[in-house]
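One structure is given below, encoded as structure tokens.
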């Protein structure tokens, strides 16, 4: 038996903050398993989960409103440490007898909090000292309401000029509340505070490490599928690749991967996938040449949403046909990751935890009665990448920029044709190659080329030619919800443009997209 890596676990109750998933990722980075649940859980669910500690997240609502969310009362009766963050602190204060008021002054941004009383949460943690030797912490505030009276059995640990209770604590019960966000990097000692809570106060061991996660996943796969055969749609993306490697380690030749080349992949990508997973790692792969079938289905279609649906539908058809050719396959594997699971479980009060399977592959044929294997469903994307490295996948592949599921189908604007895809593949490869050469690839979050179905006049030698236009796109973002266009050097852009126009016959003009998100989206379609 492998070690029980879920033995120590933190429960995070989500009150709707944009940072809640970040809290969970930080706890995982500390080597401790945690789960994110909607705030409206029942006592029975908490008892069954049996957490070592509970974190109450921030949230956009006001505790002063009558129907705003509250933590289940059992949270404060379970006998485990509780850590309230921002809204979580406010609801803790209100529920335990303190008082919260709306404030005219919204506190948003950097603040310095002064530690005025000793607490296990911040003992020995400081950014600087006041003139009389009191610890100061640089933190990130984002709140309107504030606690104006703490419960009678709590003490004030830290305050700012306009936030008298920036940290409150009941050391005996191990209840702590902070009015700032320890999970964001702007709170410089935030990770140390979370570590203090999770590792010291809750006494969780760091069992959640890539090597142990792999051992646990392999054992669970073997227990689930036994000697049965499993099929997986391998795309060459991060999630399906790591899923393939885990399954291969667990069940070897009982895994069959189906790789569908839809003609909408990057330059030489199909060959790279076959070389790496087939030749190098020795996986059992069925390679389906599907380019013509996808292009035929897309013929004459200009609408982006319709193109996505067609590509998805044809993929499912092809995958199903291949699955039916295989004898006795009992299980379908998918690269579902934890954010997919959270998304599908979004709280509808009372039905918070009906977690639907998040189908990447779409509907399977009625005649195929298959179970579902999802070895990554507990993991965040950054954890999936770390596991991939541990399993021997190359860094460049795991940390490559995101590529849309429909591939070039949504980077060729309007109707998709083979000619357009071939031109775009070559132009995009030049852009990416130059980014690597200039050491800029890892400085931008995503970079790609878009094919515009418009002809523009160009000059070649003594002649004029009407050829196609491509746009380069590069953005910087933390979460892909908002993004800035990347200010790439002019001489770099000039070099890329010259190479594309000179080396890709059929392109006469290169433009650079300087739109942010919002108002534009990152992808053009």
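Each Cβ is built from the backbone N, Cα and C atoms, and glycine gets one as well.
Over in Swiss-Prot, the protein carries these features:
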- 86: active site, nucleophile (ACT_SITE)
- 181: active site (ACT_SITE)
- 183: active site (ACT_SITE)
- 235, 236, 237, 238, 239, 240, 241: ATP binding site (BINDING)
- 9-207: domain 'Glutamine amidotransferase type-1' (DOMAIN)
- 208-400: domain 'GMPS ATP-PPase' (DOMAIN)
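Of 86, 181, 183, all annotated as active-site residues, the residue with the shortest Cα distance to residue 237 (ATP binding site) is 183.
For the pair residue 238 (ATP binding site) and residue 183 (active site), the Cα-Cα distance reads 26 Å. Per Cα geometry, 86 is the residue among the recorded positions 86, 235, 236, 240, 241 nearest to residue 181 (active site). Of the chain residues outside the ATP site list 235, 236, 237, 238, 239, 240, 241, 234, 242, 243, 244, 335 have their Cβ within 8 Å of the site's Cβ mean position. Around the Cβ of residue 86 (active site, nucleophile), the number of neighbouring Cβ atoms within 10 Å comes to 24. Across the structure, residue 239 (ATP binding site) and residue 183 (active site) place their CA atoms 25 angstrom apart. For the pair residue 241 (ATP binding site) and the residue listed as 'active site, nucleophile', the Cα-Cα distance reads 38 Å.
Residue 240 (ATP binding site) sits 29 Å from residue 183 (active site), taking the Cα positions as reference. Around residue 236 (ATP binding site), the same-chain residues at least 6 positions away in sequence with a Cβ under 8 Å from its Cβ are 259, 265, 269, 272, 273. Across the fold, the C-alpha of residue 183 (active site) and the C-alpha of residue 235 (ATP binding site) stand 33 Å from each other. Model confidence over the domain 'GMPS ATP-PPase' (208-400) is summarised by a mean pLDDT of 88. Non-local contacts of residue 235 (ATP binding site) by the CB criterion (under 8 A, 6+ apart in sequence, same chain) comprise 241, 259, 405.
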